[in-house]
Amino acid sequence: MSLYVVQFLTGLANAASLFLAACGLSVIFGVTRIVNFAHGAFYMLGAYVAFSLTLRLEGVVGFWAGIFLAAIIVAAIGALLEMLLLRRIYQAPELFQLLATFGVTLMVQDIVHMIWGAQDLVGPRAPGLQGAVQVMGLPVPTYDILLIILGPLVLGALWLLMHRTRWGVLVRAATEDRDMVAALGVNQKWLFTGVFTLGIFLAAFGGALQIPRTAVNHLMDLSIIAEVFVVVVIGGLGSITGAFLAAVLIAELNAFGILVLPGISLVLMFLVMAVVLVLRPWGFLGKPVSTDAKTIGETTRPWHPWSPTMAVLVAASVLLAAALPAVLGPYGLSIGAQILIAVIFAMSLQFQMSTGGLDSFGHAAYFGLGAYGAAFAIQWFQLPMELALIVGPLAGLVGALVFGWFCVRLSGVYFAMLTLAFAQITWSIAFQWVEVTGGDNGILGVWPSEWASSPAAFYWLTLAAAVLTVLILRHLVFSPFGYRLRGVRDSSVRAESIGISRQRTQYVAFAISGTAAGLAGALFAFLKGSIFPDALAIPTSIDALVMVLLGGVATVSGSVVGAIVYTMATIWLMSETDLSRLVLGGFIVFLVVAFPQGIVGSLSSFTSGSLERWRGRREASRPVALSAEASR
Amino acid sequence: MSNAPLLEVENLSKSYGGVQAVSGVTFSLMPGEMLALIGPNGAGKSTCFNMVGGQIPSNEGRVRIFGRDVAGLSPRQIWRLGVGRTFQVAQVFKSMTVRENVEAVFASHQAGWGLLARAGKAHRAEAEAVLDLIGMADFADRPCADMAYGDVKRLELAMALANDPKLLLMDEPAAGMAPMERIELMALTARIAKERQIGVLFTEHDMDVVFAHADRIMVLNRGQLIAEGEPEAVRNDPQVRAVYLGEGLVYDQAAAAGKASVR
């Protein structure tokens, strides 16, 4: 019994930092409608800065001054980021905002690496709170007790801030209706900056508070962000109290899950989130969110199957690609195969995003499931490669069917966050369930069959798979199903009123996309001869997103080009610099800022700008009123 | 003409919190009939409409389409019964061409998963027949996003008709259109409705449109039907006049002085 009480208290203590980070994210989203992926990075930065400060500042006062100062310094950096970067992308689609803030996360990772080095750092214990209190005969760290008290205190302080100050009232008003607040003459710019700074302060504070408890390390950012997303989704975006309730729930689940079965806590978290979302799609205290961002359908020009000329060109390129083994050596061919696998992966995401309008932030899950599926088939069942290449996509399909069932109930930013959370859960299982997946050591010895083992043969195999995937997915875009899917994306109201079920259609698309991603993963496992949890990690999902964006979200299969360019660029980049994350992150941020409508969208609006103006004049001469009269 | 009504609405009610948006509305609609639902802003027209279309569940009362109680049916199930629908702000698929929009309607009720066929080929002839009917054959390859709003509205009507519906629900079909376009669209609708014996229920603010085409008019005010009947009778109904022109406290004096000219 006493063990449970102590475990409960540990859970509450864990909830404090989780709550601080989550409510910061929630408040920022409520007002600015930006899902700040970099939140985890600021949490980690808070911990690192606090580590350095508390080493230099002595005593009780010094320790706490160090913690607060760290949060303030990081918050200032956050304010700077808001003014320099986010202000430029508030109007961009939410996907771009997520990407840009992820780019920042990548850059922070390398910067942290440069300043503090690679090793884990153990910070000082809090002076005067090193000891433990006896609770029912078992010791509970005094510092935990402090955290337990701190959580509700911060919640109370935030409540006072939001309900008793003019600024707080404005924040709440902006959460309800930004346009109205702007119409009342409130300077949105500074309101947004203020809210963002507050949110970052809370995250950094949460991170700084962790230093007496755990070693400061490089994985803090991504591990907290996944939990924070889960908390925010369960609690409801924009709700502080919801974040608190959800943080306690998740922290307790983790605390007790560890007692029952060490590996099961993650599955528990997933189950609870699933149940909550089915019962309350907007979380405990959330409301449906409406964003002003344009959907893909509004900016997309009509798609057409390839013209005969285009088909000939494509066939010629495929033949050219098939002839490459004549000139390339083994290294070149293995890069070629890697690019072709990236093509399959990118196309699978593009089908879901461009045709389906579903912005997935966790596509790595299905890639990784395909890879692990193939590896299991080889390692456990001694199946030949040919069958493993079927098992892999099937694993992707099953994963997509399970996760997709929940995901397609949501849309927009909730959908993106949920896909990310599922991908992170899959990653954690691969990482932690060492007996089955080999954990960090991965699964080795995933080699192709005899006939496909030469570099050229395997290259041709991937080429065939890539061509087939592109052709099939392109065919689907123009099939009756593809019409339905695009219809749902363009106008779900119209789609429902001509007999199309949004959820069912998107579910099928999600499953198809997951299967194709699984194929890419399976081929990837055979290319490398091994598979590691990295394949399931967030950066893999981001790779796919960037490839699609490079190729053009508004195209049917532009990601093929995107995948080729991006894969070659990153391989070259890795060989040229040690700071690949800094460069890649900077590149992503640049992409988003320079082309806020996506590359293809930006290019076409740039070139057709004058045309639109001319057309506008012509239309203006016809008496057409565009706005509908209100009648409700 | 058959005598069974297409649509029977009985005692339909809906409240939002304490606000009674629609209360006790009862009416029916016959094949080939154009029935207008009018009323001032906030009268409950759209709520009423969306309850018939399945977008909003009702609190009370019954909606029967072709004799079948449609309580609990989703919009797409109601569509399958043979009900076409247009919206106040036109809802079409903007990324597609005009023809593709109509083809999408056929793609939606094609049996099976629809993964194998090519929609552009499979449904081309059917789609063009519908576009011919609505007079848009020349626009078939135009991207929807490039069209004038009046044409978008027309396309929406084409999509609603593609299913060969027996009942058409039109929420403010003329809203946002130029005067000439309004008249053309409603004349077209009326012609098709008569030819195919489609029952049309529509709401509208433009009285020219209403009185030119409605066979029967219902007036809704504060959630309740205050008048129903032939256009001429409704036009002369004192309660309707009061709702639309105010209680007349000001006008009465003017009328007494013989200066007012109420149309």
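Note that Cβ sites are derived from N, Cα and C of the backbone, with glycine treated the same way.
Unlike curated records, TrEMBL annotations are generated automatically.
Here TrEMBL flags A:6-29 (among others) as transmembrane segment. Within the chain carrying the transmembrane segment (A:6-29), a Cβ under 8 angstroms from the stretch's Cβ atoms is held by residues 35-36, 39-40, 43, 135-136, 138, 140-141, 143-145, 147-148, 150-151, 154-155, 158, 171, 195-196, 198-203, 205-207, 209-210, 224, 227-228, 231-232, 235-240, 242-244, 246-248, 250-256, 258-259, 413, all 6 or more beyond its ends.
The transmembrane segment feature in TrEMBL is assigned to A:63-86 (among others). Packing against the transmembrane segment (A:63-86) from elsewhere in the chain are residues 32, 34, 38, 42, 45-47, 49-50, 53-54, 56-57, 97, 100-101, 104, 124, 126-127, 192-193, 196-205, 208-209, 211, 589, 593: each is 6 or more residues past its ends and has a CB under 8 Å from a CB in it.
According to TrEMBL, the feature transmembrane segment maps to A:98-116 (among others).
Under the heading transmembrane segment, TrEMBL lists A:145-162 (among others). Within the chain, the transmembrane segment (A:145-162) has long-range Cβ neighbours (under 8 A, six or more residues past its boundaries) at 9, 12-13, 15-17, 19-20, 23, 126, 129, 133, 168-169, 171-172, 202, 209, 240-241, 244, 247-248.
Here TrEMBL flags A:190-212 (among others) as transmembrane segment.
Positions annotated as transmembrane segment by TrEMBL: A:258-279 (among others).
A Cβ distance under 8 Å defines the sequence-distant neighbours of the transmembrane segment (A:310-343), meaning residues of its chain 6+ beyond its ends; these are 455-456, 458-460, 462-463, 465-467, 469-470, 520, 523-524, 527, 543, 547, 559-560, 563-564, 566-568, 571. The feature transmembrane segment is assigned by TrEMBL to A:310-343 (among others).
For A:364-381 (among others), the entry in TrEMBL reads transmembrane segment.
The transmembrane segment annotation in TrEMBL covers A:387-406 (among others).
As annotated by TrEMBL, transmembrane segment applies to A:413-434 (among others).
According to TrEMBL, the feature transmembrane segment maps to A:457-477 (among others).
Residues or ranges marked as transmembrane segment in TrEMBL: A:582-606 (among others).
Remote same-chain residues near the transmembrane segment (A:364-381) are listed as 345, 348, 387-389, 391-396, 398-400, 403, 419, 422-423, 426-427, 430, 437, 443, 445-447, 513-515, 517-522, 524-526, 530-531, 533, 535-541, 544 (criterion: CB distance under 8 Å, separation of at least six residues from the stretch ends).
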